[in-house]
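Q: As listed in TrEMBL for this protein:
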TRANSMEM  20-40  transmembrane segment
TRANSMEM  60-80  transmembrane segment
DOMAIN    61-173  domain 'ABC3 transporter permease C-terminal'
TRANSMEM  110-136  transmembrane segment
TRANSMEM  156-178  transmembrane segment
TRANSMEM  199-218  transmembrane segment
TRANSMEM  238-262  transmembrane segment
TRANSMEM  293-317  transmembrane segment
TRANSMEM  529-551  transmembrane segment
DOMAIN    536-650  domain 'ABC3 transporter permease C-terminal'
TRANSMEM  585-615  transmembrane segment
TRANSMEM  621-642  transmembrane segment
Amino acid sequence: MNLLSIAQKNIRKNFSFYSLYLFSVSFVFMVFFSFISFAMNEVIMERISTDGRVEMMSKAVAILIMGFVLFYMSYANTLFMKRRMKELGIYSLLGYRKSTMTRLLSFENFFICISALGIGIFFGAFLHKIIIIGIVHLLDLQIDASKIPLINLNAVYVASGFVLVVLFVLFLSNWKFLKKSSLLTLVRLGKKVEQQIKVKIWLAVLGVILLILGYVTALDITRGKDSFWVTVGFGPMAMITLISVVVGTSFFIHSFIPYAILKLKKKKDYFYKETNIITIPKFIYRIRSNAKALIILTLLSAATLSILGSAILSIYYPYAGLSRIIPAAIEFHIKSANQVDKVIDIVKKTVGGKNIDYKKTSLIQVTSSTDTLPFEYSAKKQHSFDLISKSDYINLIQLQGKKASIKNISGNDCTLVKYTYDKKNTDIGKVYSLNFANHKTINVNVVETTLINPIGFANSVGTLIISDELYAKTSKLKLHTNEIMSVFGKNMRNNKEVYEQLAPMFNNNNNNFVSSYQKQYEYISANSVSLLLITFATAIFFIATGSILYFHSISGITNDKREFYILKKMGYKNNEIKKIISKQILVFFSIPYLLGVIHSIFALECFVALIPNLLGKRSTFILPILASIGIFTIIYLIYYIITKYSCYRIILNNKV
């Protein structure tokens, strides 16, 4: 029987074990092929990238994905090698040379990779097609998606070439592994004795201390200007945090968890139970022997979750902040009464006159001679405050569909509309001296601040809400006034037709003409492709992480088949054996999951602190973080369930 026949027979015989490996590799190749097809689609790239940014991101993500796929394939291949050491030892006893066994393993990898590539190209082509249709619809590109070919031949060539590189790397890995292994090693590798584990308490304590230090330094950034991230420097603090978390994770997994389980073992009431007496000793050995893999998977999970969460935050948060950036559906500076009439006429002809509201607001522009002024005062080209009457403010806020809850302003009191959230309320109690004609000044006292702005930031920043009486006096002083028209209406914020009808009137590039639809489209166009590219990478990372955990668990259970066979003979029922298996797998899965989630939460807290808080609501940040954790949890649960039932099948069908 030649090597090709033996390789085919081995795959058929062990198909239940190979099936998930084939599935995971196929899925990885599917995502990889769809990504390459997207990146090499010249028609789409010409429409979505004008400055080359998308092409650069595509190349960077492609290199990242290729590197990780090579790591994953090599790692999974090593697990297969360790599982098959006894089989390879038998081949060696039968006279097969190591070079012959290397070729045999290469043939098996060839069959698996070629099959996975075929499956990946087939489903990846459809995934690519779905992505193209989605982008064309989302960005409203004038492209006939049906004319884009299902399979991009250039992408097929790239994917095929990459598979050849993968096969070569696996060949070198197998050759190196077999070259270092003796006959005795091949036969007895799967029979390692579980020796007594010695845990160094000081390393366990140090691991916890370093993790706490990393978390505390991460949260310190939320103190703003008073934090060490500002006083010491961003770079040094980031390095301290990263090193503390990475080293702390290593010591925590390698020493603290085994130490905690050893302490648990001493609790006789808990330890001497039918399943615990079997699983707890196993936990200590398994965690220590697989510490390197658990550390890598934990850090990988944390990094992947952080990248995904930050990407979702970067897109979701500005989108959620559109209600502040442009509170009206349409807003513009009034140049003439004729212009207003034309706008109203176009809106009525486009959407009808019902459920449409208009509001003209006069903003009085004044300067201030006060030494210390808020950030909002200098946020525009001409440093100044915009004065609005309380009644106009309340009217505008009601038209926005919001509740205007401000204090009863009287005299020279005022409310400052903040650009970002200030939890210390540093502006309350400040007195600003407003400059008027003939060297006259009026001092206004800030009695409260608000994040509910009446006018979009393109037309007004640094708005002071003053009493109607003070506004009436100020308006008689013939100061510079900006007339702003705001248009509100049902379904107006997403109305493309209204925007396209009005934009030519303002020469399309008038910074004072803003549309809610326009801003939404700009955000989606600028960020959707970036999110898509990051999603490609994180999908592969998540799948690879789950697959590595699966193969580790299957390898461990396979090596324990004889022990479970003995437990059956001792009278353990199937339900009790299932509990033992579930606990072993749950512990192995939960360590990288829980630590990865905790690490990512603190990392995202750092990221959130760098984002201007326009809304002042923590719930806006929490939702994207929960979304990324939810995606990760679903993938983890799927792999956990698949792994658990695969292990059940291996042990309960055991006929040793």
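Each Cβ is built from the backbone N, Cα and C atoms, and glycine gets one as well.
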Q: Determine whether the transmembrane segment (585-615) and the transmembrane segment (60-80) share at least three Cβ pairs under 8 Å, counting only pairs 6 or more apart in sequence.
A: no
Q: Which residues of the chain, 6 or more past the ends of the transmembrane segment (293-317), have a CB below 8 A from one of its CBs?
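A: Sequence-remote neighbours of the transmembrane segment (293-317) are 245-246, 249-250, 253-254, 287, 523, 527-528, 530-531, 534-535, 537-538, 541-542, 545, 548-549, 552, 588, 591-593, 595-597, 599-600, 603-604, 607-608, 611, 620-621, 623-625, 627-629, 631-632.
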Q: Under a criterion of three or more Cβ pairs within a distance under 8 Å and sequence separation of at least 6, are the transmembrane segment (60-80) and the transmembrane segment (156-178) in contact?
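A: These two stretches do touch.
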Q: Quick one: find which recorded stretch in 20-40, 110-136, 156-178, 238-262, 621-642 has the most Cβ pairs under 8 Å with the transmembrane segment (529-551).
A: 20-40
Q: With Cβ-Cβ distances below 8 Å as the criterion, list the same-chain residues six or more beyond the ends of the transmembrane segment (238-262) that contact it, or say none.
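A: Beyond its ends, the transmembrane segment (238-262) has Cβ neighbours at 197, 199-201, 203-215, 217-218, 229, 280, 283-284, 287-288, 291, 294-295, 298-299, 302, 591, 595, 599, 602, 606.
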Q: Tell me the residue counts in helix, strand and coil for the domain 'ABC3 transporter permease C-terminal' (61-173), as DSSP assigns them.
A: 97 helix, 0 strand, 16 coil
Q: If you count Cβ pairs under 8 Å, which stretch among 156-178, 199-218, 621-642 touches the transmembrane segment (20-40) the most?
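A: The stretch I would name here is 156-178.
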Q: Residues of the same chain, at least six outside the transmembrane segment (199-218), with any C-beta under 8 angstroms of its C-beta?
A: 228, 237, 240-242, 244-245, 247-256, 258-260, 262, 602-603, 605-606
Q: Where DSSP helix means H, G or I and strand means E or B, what are the helix, strand and coil counts for the domain 'ABC3 transporter permease C-terminal' (536-650)?
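A: Grouping H, G, I as helix and E, B as strand yields 102 helix, 0 strand, 13 coil.
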Q: Within the domain 'ABC3 transporter permease C-terminal' (61-173) only, compute the mean pLDDT.
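A: Taking every residue in the domain 'ABC3 transporter permease C-terminal' (61-173) and averaging pLDDT yields 81.
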